Amino acid sequence: MSRGDMAKPLLGHRSIEGDPSITPVAGRTIGVLGSGDFARSLAIRLVCSGFKVVVGSRNPKRKAGLFPSAAEVTFQADAVKKTDVIFVAVFREHYSTLCDLADVLAGKILVDVSNNTEINHHKESNAEYLASLFPACTVVKGFNVVSAWTLQSGARDGNKQVLICSNNQEAKRTVAEIAQAMGFTPVDMGCMSSACEIENIPLRLLPAWKIPIFLALGLFLCFFTYNLIRQVIHPYIREQKNKLYKIPIEVVNTTLPCVAYVMLSLVYLPGVLAACLQLYYGTKYRRFPDWLDQWLQHRKQIGLLSFFCAALHAVYSLCLPMRRSHRYQLIDMVVKQVVEKKMNIWVEEEVWRMETYISVGIIALGLLSLLAITSLPSIANSLNWREFSFIQSTLGFIALLISTLHTLTYGWSRAFDENQYKFYLPPTYTLTLLVPCTVILAKIIFNLPCIRQRLLRIRRGWEKGRYVKFVLPSATGEYSSGETSSNV
């Protein structure tokens, strides 16, 4: 398995939940070696699930008060003798302290729940190391991706999946029965060689979010620098005006919608590129380039970051009238109006522009909220594939169209005003239109009947240059067969 696949370790593995051969095992005696936080949480969950728990500790009298009264706390040797399944809830460096129990541990099932402090810190996994110390035991790796909080509060408050691996199928099945009785979903990860992968999972911080986050930060820095030059540096150089006060609110608020808009278009751009490649090669069976494949896999995260930036933009916009600088500018405008004896400064075009701009922006934010909500697993699992595809694809593209209308309404006629080109730099929103308009134009082209039908045929298995058999009726009514190229 490649390193990139480690971000999604459950894909392609078989869930044991619902297996008719697994039966409840409540009432069985389970041993726990260790007296730390995880051992205590594990004992609590086992007791609540109907198991009899025996905890082995080097200081049972001092540790007994930390465990539930239903759990028996005794010396390690005594605990091992009373059960055949033992959870080893001690750190790797303390495994050697259990060597004195090698004789009584022989033939037992040891469940290794430990984790490391660094990814691939050791050459071999903790479970493999434990198996090497106790060759007469059967070691199963499991429960290390479940937190102590999840064990105490129940599977409903955390990830229900428990990853299990071992070289012994019967031992794996036994641990799977225990996990299922505790309310978790056991997932078979294969043999003991998968233990290293399982132990690395809790150490990875948002593995699927790194590229989208760096992408969002990169776009933010680019647009922020561009807006800083236009809104702060330009007036300082040309008019000797200090506009630094604009940086915390105005410059940031001008940057956020640009990032949100471009990120939203980047959700649908890889689909356009994939369709172009399929049309070019005339098949759906040719692999996409790695960069495009990774891009397609990160569309969910890119979309959620787009919604995050859009939501921040809405909050920042609501806060604009609350600024002290805005109050000063408002008073200054009123004073100038009085001095110039202007009774009415109402501009009908500007009023309609702002009303339309805000209304369309609210609709776009509402659609982005719907896309974000339906991307949550708990919501997505309640939808069938057609419903999910309609929301994420059709409504998502509509959100992109409305966002484009929102941007165009904001620009209005400003794109043709030479005063808007500071340092000969075009307004920021004109730059953001490049990628979204490319996506929209490509979508329109792909929906042309001739191209749409060809793309649909390719996605249904048709291949350019592949010969297929056909059957034609003869003049006598009989059928004769032949061959022709599928691209005819």
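Heads up, the Cβ atoms here are built off N, Cα and C, so glycines get one too.
Note that the structure is predicted; figures quoted are calculated from it, not measured.
Looking only at the domain 'Pyrroline-5-carboxylate reductase catalytic N-terminal' (29-116), the predicted model's pLDDT averages out at 93. The feature domain 'Pyrroline-5-carboxylate reductase catalytic N-terminal' is assigned by TrEMBL to 29-116.
Taken from TrEMBL, the feature domain 'Ferric oxidoreductase' covers 258-401.
Panel annotation: around the transmembrane segment (211-229), residues 247, 251-252, 254-256, 258-259, 262-263, 266, 294, 298, 301-302, 305, 309, 422-423, 425, 428, 431 of the same chain, lying at least six beyond its termini, place a Cβ under 8 Å from a Cβ of the stretch. Residues annotated as transmembrane segment in TrEMBL: 211-229 (among others).
Among the features that TrEMBL reports, transmembrane segment is placed at 259-281 (among others).
Residues annotated as transmembrane segment in TrEMBL: 302-323 (among others). For the transmembrane segment (302-323), the list of distant contacts is 212-213, 215-216, 220, 249-250, 252-253, 256-257, 259-261, 263-264, 266-267, 361, 364-365, 368-369, 371-372, 375, 396: same-chain residues at least six beyond its ends, Cβ to Cβ under 8 Å.
Taken from TrEMBL, the feature transmembrane segment covers 356-376 (among others). Long-range contacts of the transmembrane segment (356-376) within the same chain, counting only residues at least 6 positions beyond its ends with a Cβ under 8 Å from a Cβ of the stretch, are 260, 264, 300, 303-304, 306-307, 310-311, 314, 383, 388, 391-392, 395-396, 398-399, 402-403, 405-406, 409-410.
Outside the transmembrane segment (388-408), and at least 6 residues removed from its termini, the chain residues within Cβ reach (under 8 Å) are 257, 260-261, 264-265, 267-268, 303, 357, 360-361, 363-364, 367-368, 370-371, 374-375, 380, 429, 432-433, 436-437, 439-440, 443. The transmembrane segment annotation in TrEMBL covers 388-408 (among others).
If you look up TrEMBL, you'll see 428-450 (among others) marked as transmembrane segment.
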